[in-house]
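Here is the structure we will look at.
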Amino acid sequence: MSRRGPLRRPSLLAAAAVLLVCVPQERDDLSVAIDVTPADVASVLLVAVAAAALLSGGRRLPGRALVAAAPVVAVGAATVASQDVMASLPGLARYLQVFVLVPLAVAVVLRDRVDLWVVGGAVCGAALVQGGVGTWQALTGTGASYAGENVRAVGTFGATDVMGMATIVGYGLVVALALALALRGRARAAALATAAALVAPLVLSLSRGTWLAVLCAAAVMLVLYGLRPAGRVLLFAAAAGMLLLPAVPDSDPGTIGRRLSSIGSSVTQPDRSVSDRYDLWDTATGIWRDSPVTGVGPKGFAAARDSRAPLALSSGSDTADPVRGFQRQPLLSPHNMYLLVLSEQGLVGITAFCLLFGCVAVWSVRRARRARSRGERAAGLAVTGFLTWQLVDFTYSDIGGPPTVVMSVLLGVALWWAVADGPPLPPGPGEHR
């Protein structure tokens, strides 16, 4: 009997994990650092199927994939050395899920061009759904509160995860731009249309960090593909997207302009959110100085924060939307992934973290530069664009919420691309050599 469904094409489970982030979630207790979502459940099934494939001998991982073992050793050592091992265990499990188990599982289940289309299509689909919901929120005034008005597009995530929609839309935009650069014909037209449709919700998210990350990713893809041809494609997508923005009646150019200008003043005249972020970074650095080798342990930042935080640090972040009303969200992390790892896992953890991402980034760029078919170029551009986006994003955010699973799946795609030792990808629709 032939295998069907996800067992025959297990990459469908990776796609399901991506699409399930669109399911709205209610969080009654914002002080809980870990919240299990449908996407998390799908990721566990994905890991189980990948493990079964490895144990049965049907699949194997290249030797270079062992670079993912470094975070296992580091976070394990930080957990054992923490003052409260039991409190660190949930953080250990989450860290292993996000940076080791799910990426390795994705690297196992990806086999060919079809699997890449499945996962990439899911990312773009989720981005379009979230972008559509977010644009509707901006249109009807039902988004998250910003400057006293419910004008911020947040998708199905709500005000409690204000960066969620922007993150998913950013991922989708990077993938769509990569496809638009590398493909031809109808495939390029569809990718350009997707990219253009995602520009408006990205702008309406009012997420300064995501804007910067997308610009950095686009710049890297432009250099990797070629300045002149890539510049035309990126310019067309950006122009088309900005033309769509005025179609949203309630989009206030003044609000967007003030948000843009605040990027430049974030150093000289930081607003309250930026000032709190700087204080959190100082706090994380202080925590690391007290435990420089292995840190305070996973999920230990919140417990160690108050004894080292400056007096000016807010007690929480105010959020509000028409659905959940006003809520005060505790500051459970430094909003910087590098400083979070440094404070909770010390030098051991940050070394392993940088080793993982550094190796994947270098190997991915090398393979992307050797790509010959359009399918390989598209995959290489998408992977390098994602890695650039993520490494920039980590400077002002960290893991948390449903979008984390999507990041983990895309990291798995990047790991597969970086360590794969099989034959080149065959060309597909719009991918003639």
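Note that Cβ sites are derived from N, Cα and C of the backbone, with glycine treated the same way.
Please treat TrEMBL annotations as automatic predictions, because they have not gone through curation.
If you look up TrEMBL, you'll see 195-354 marked as domain 'O-antigen ligase-related'. Sequence annotations record features per position, and here TrEMBL assigns transmembrane segment to 37-58, 65-86, 92-110, 117-139, 159-180, 187-204, 210-226, 233-249, 346-366.
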Recorded stretches the transmembrane segment (117-139) and the transmembrane segment (187-204) touching, at least 3 CB pairs under 8 Å: yes
Local confidence of the domain 'O-antigen ligase-related' (195-354) - pLDDT mean: 80
Non-local residues, at least 6 beyond the ends, that sit with Cβ under 8 Å of the transmembrane segment (159-180): 21, 27, 30, 120, 123-124, 126-128, 130-131, 133-134, 144-145, 152-153, 187-188, 191-192, 194-195, 198-199, 201-202, 205, 207, 209-210, 213-214, 217-218, 221, 233-234, 237, 319-321, 324, 327, 329, 378-379, 381-382, 385-386, 389, 393, 397, 400-403, 406-407, 410
